[in-house]
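The following features are taken from TrEMBL:
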- Thr45: active site, O-isoaspartyl threonine intermediate (ACT_SITE)
- Ser90, Thr120, Asp121: substrate binding site (BINDING)
- 36-191: domain 'L-asparaginase N-terminal' (DOMAIN)
Amino acid sequence: MRKESGTKEIESSQKFNTHFKVHKTTMQRTKIEQHKLIVLGMGGTIDKDYPRSTGGYAFEIDEPAAERILKQLPSLNLQFEVRSICRKDSTEIDAFEREKLVAAIRAAPPSARIVVTHGTDTLIETAKVLVDSGAAEGKRVAFTGAMKPERFKDSDASFNLGGAVIATAQLPLGSVVVCMGGNVIQASVCVRDKDTGFFCEQNNICDDEAQE
């Protein structure tokens, strides 16, 4: 009887340990997924670089600048993955590229934090396409870009990207926002002021006094 009792205790202990390991692994995986950031690059001014070809004079859209920016931060407390969807001036982005972006966001894991870097000319248009698609449901998506290339010393790229990253940590699930110039605006009501070029909420006047 003692032998049988001892055997049952060992089996019970083994089952508990196995369950604990599986549970612990699941917790670790969930924790990693919650802290992982996905950056999807669409090209635009933020990714523009000096021409590489001999005699070249026009800026070239290079690999996503977001990777350089994030890798320079030794205290960054999250994992990140940067993917390039396309490398285009935003005026040249068409339905095909937008569908690729929508598909990538739809395939992202639940509760994913996603930043989309994009040219400023059609950034709002692409963001609204994503809203209408429903692919951002259960995720947090922030669109951002830059008025000057990241390669420029006085570029706003790092500032805007940082704001977008923070926004994805605070937004409710299902949110799609535009993060530009220190503002976070719901994509569905985001417009661009024709005079200043600032991004603002529909029916509100963009604040240009901050630049004076």
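Each residue, glycine too, has its Cβ placed from N, Cα and C.
Curation plays no part in TrEMBL annotations; they are all automatic predictions.
Spatially close to Thr120 (substrate binding site) yet at least six residues away along the chain are Gly44, Thr45, Ser90, Gly145, Ala146, Met147, Met180, Arg192, Gly197, judged by Cβ distances under 8 angstroms. Across the domain 'L-asparaginase N-terminal' (36-191), mean pLDDT in this model comes to 93.
When the Cα positions of Ser90, Thr120, Asp121 are compared pair by pair, the longest gap among these substrate-binding residues is 7 Å. Around Asp121 (substrate binding site), the same-chain residues six or more apart in sequence whose CB sits under 8 Å from its CB are Asp89, Ser90, Thr91, listed in sequence order.
Least crowded of the recorded positions (Thr45, Ser90), judged by neighbouring Cβ atoms within 10 Å of its own Cβ: Ser90. Apart from Ser90, Thr120, Asp121, the substrate site neighbourhood in this chain, defined by C-beta within 8 angstroms of the site C-beta centre, holds Gly44, Thr45, Asp89, Thr91, His118, Gly119, Thr122, Leu123, Gly145.
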